[in-house]
Amino acid sequence: MSQTVLSSNAPDMGHPAGFAKAGGPRARKVPGGGVVLHATSNPDRVEAPITARAYFLCVFASFGGIFFGYDTGWMGGVLAMPYFIRLHTGLDPATTPSSQFVISASTQSLMTSILSAGTFFGALMAGDIADYFGRRITIIVGCLVFSVGCVLQTASTSGLGLFVAGRLIAGFGVGFISAIIILYLSEIAPRKVRGAIVSGYQFCITIGILLANCVVYATKDRNDTGSYRIPIAVQFLWAIILATGLFLLPESPRWYVKHGKLDKAARALATVRGQPVESTYVQEELAEIVANHEYETELIPATGYFSSWMACFTGSVFNPGSNLRRTILGTSMQMMQQWTGVNFIFYFGTVFFTALGTISNPFLISLITTLVNVCSTPLSFYTIEKFGRRKLLIYGALGMVICEFICAIAGTVSQSPAVVKLQISMICIYIFFFASTWGPAAWVVVGEIFPIPIRARGVALSTASNWLWNCIITVITPYLVSPDKANLKSKVFFLWGSTCILCIIYAYFMVWETKGLTLEQVDRMMEEVGSPRRSAGWRPHGTFAADMGLTEDGTLAVEKGKHLQNATHVEGDSRV
């Protein structure tokens, strides 16, 4: 039987508080394979310094964003391809007016929204799978499911049936990946660069959109099925790269802690921090994770499958730190990200630019807007840690409001070539504001706000909300802008500008400032601070290890925690 002992790295006289002197105590292994953990009461000692190896391990995991982005990019271009339009409408471009040579609004709606429907349910399922089998395995399974969907889409040469079925199945895979990548990144990333690393997920989304636009631009003039089958088939490459890489990455240490496998948690944490497993940095961080899990488990006991889901909705809606408020925050944050309207450009931009009638090469304009998206996102790597989440979201939404109303007013007053150029400029600046603020920051916040007992399901619900609203927007947008329906043209930006005003109000009243905090410290802040508006001034002042019984002689009284008493390490078993 393994034994787990936690001891404190107490402050050493003559050395900075909480820091061991050089050559000081290191963690020891005890007979039976247990881990001896050093606990600390110093909140600055709960994480190891950042190493290049640890940073790049975390960065690779964000590669999963390419799935999301690539699908967004290729679908918008394919809908405007002459061969694809002829295939699904039977229209002849030589005899059909250009304004009528389009796929019907209902077919566009079905083709784009069906993937989002799949991702909605895939994201919900992913929470359970990730809790049971692990974060890493869930993402790998998502790659396999996604590949099956790609096969069906690539095999489709006529009609909608096989194509739509493939989109739906691929959506389940994307739902797995998009939900759990954020969870996995948030749990393994160092706190000082967690915002930047999770922003890397959004950066990979933008790269995926750019790559898709490049492939579509290269195949758009083909007069055969290769015009759309090549862009679809390229997606296999992303699945192979991500799945192969994740076989080499460790599981989330916090998942191991949740299942009582502390030996494996120590080894995984040592890997992602670039430290030896005996390092006091690793032991102190693991002790804090364990103590926080014990604390949260007392508050949110796991009594069954349905009760564990209901735990996401416990507490008062008037208590800013309750699980219910956190779930509302996560799901509404993803809703608001979709309400910015940016996916209108990425899904239907080529169709919209074509409808303006004054742009000779709408595919090129879409490629330019995508390039702006890619080049703007890396700015958030710095700003999200420098200025914090709240400021980025507030000022980013303000910038988008200005650009969208200028675009709407100008396009309503005139459709001259000069005005169209102004609109394109405003759209590019609007994308800049989104890509450097709401694009990455919304994902960062969602990955940080949930306590460990409900984190997988909370992130899954939030991601499902993103895809639900993505689905709703892709269903209704063709009807808003299609010539045979509402035909709003530039007036559609009045709608997106208005929703961005709501984003400003939402960010000011609802979003917490989590910059520079560990996930465990975020829990403490949300319990102690009465309002998100005051969260930026909160500073860590203790550790969960100390609160859970750090004694004068430096030991941690773990006998109260049944979870730690039974922390055996069963090889090959997925649950404890």
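Positions of Cβ are set from backbone N, Cα and C atoms, glycine also.
As written in TrEMBL, here are the features:
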COMPBIAS  1-10  compositional bias 'Polar residues'
DOMAIN    57-515  domain 'Major facilitator superfamily (MFS) profile'
REGION    1-26  region 'Disordered'
TRANSMEM  54-81  transmembrane segment
TRANSMEM  101-125  transmembrane segment
TRANSMEM  137-156  transmembrane segment
TRANSMEM  162-185  transmembrane segment
TRANSMEM  197-218  transmembrane segment
TRANSMEM  230-249  transmembrane segment
TRANSMEM  339-357  transmembrane segment
TRANSMEM  363-381  transmembrane segment
TRANSMEM  393-412  transmembrane segment
TRANSMEM  424-446  transmembrane segment
TRANSMEM  458-481  transmembrane segment
TRANSMEM  493-511  transmembrane segment
Of 101-125, 162-185, 363-381, 458-481, whichever stretch has the most CB pairs under 8 A to the transmembrane segment (424-446):
363-381
Per-region confidence, the domain 'Major facilitator superfamily (MFS) profile' (57-515) (mean pLDDT, whole number):
88
Under 8 Å between C-beta atoms and at least six residues away from its ends: which parts of the chain pack against the transmembrane segment (197-218)?
55, 58-59, 62-74, 77-78, 81, 181-182, 185-186, 189-190, 230-231, 234, 238, 346, 363-364, 366-367, 370-371, 373-374, 376-378, 380-381, 384, 435, 439-441, 443-444, 447
Would you kindly check 162-185, 363-381, 458-481, 493-511 and say which stretch has the most C-beta pairs under 8 angstroms to the transmembrane segment (54-81)?
162-185
Outside the transmembrane segment (458-481), six or more residues from its ends: residues with CB under 8 Å to it:
105-106, 108-109, 112-113, 116-117, 119-121, 123-128, 130, 171, 175, 178-180, 182-183, 186, 312, 323, 326-327, 330-335, 337-339, 341, 343-344, 347-348, 351-352, 355, 446-447, 449-450, 487-489, 492, 495
Between the transmembrane segment (393-412) and the transmembrane segment (363-381), are there at least three Cβ pairs closer than 8 Å, leaving out pairs fewer than 6 positions apart?
no
Six or more residues beyond either end and a Cβ under 8 Å away: which residues meet both conditions relative to the transmembrane segment (230-249)?
57, 60-61, 63-64, 66-67, 70-71, 74, 77-78, 136, 139-140, 143-144, 146-147, 150, 153-154, 170, 173, 177, 208, 211-212, 215-216, 219, 222
So, does the transmembrane segment (137-156) come close enough to the transmembrane segment (493-511) to give 3+ Cβ pairs below 8 Å, pairs being at least 6 apart in sequence?
no
Close approaches to the transmembrane segment (137-156) from elsewhere in its chain (Cβ under 8 angstroms; 6 or more beyond its ends):
64, 67, 118, 122, 126, 129-130, 162-163, 165-177, 180-181, 184, 229, 232-233, 235-236, 239-240, 242-243, 246-247, 251
Close approaches to the transmembrane segment (101-125) from elsewhere in its chain (Cβ under 8 angstroms; 6 or more beyond its ends):
71, 75, 79, 82, 84-85, 88-89, 91, 93, 142, 145, 149, 160, 163-164, 167-176, 178-179, 347-348, 351, 460-461, 463-464, 466-468, 470-472, 474-479, 482-485
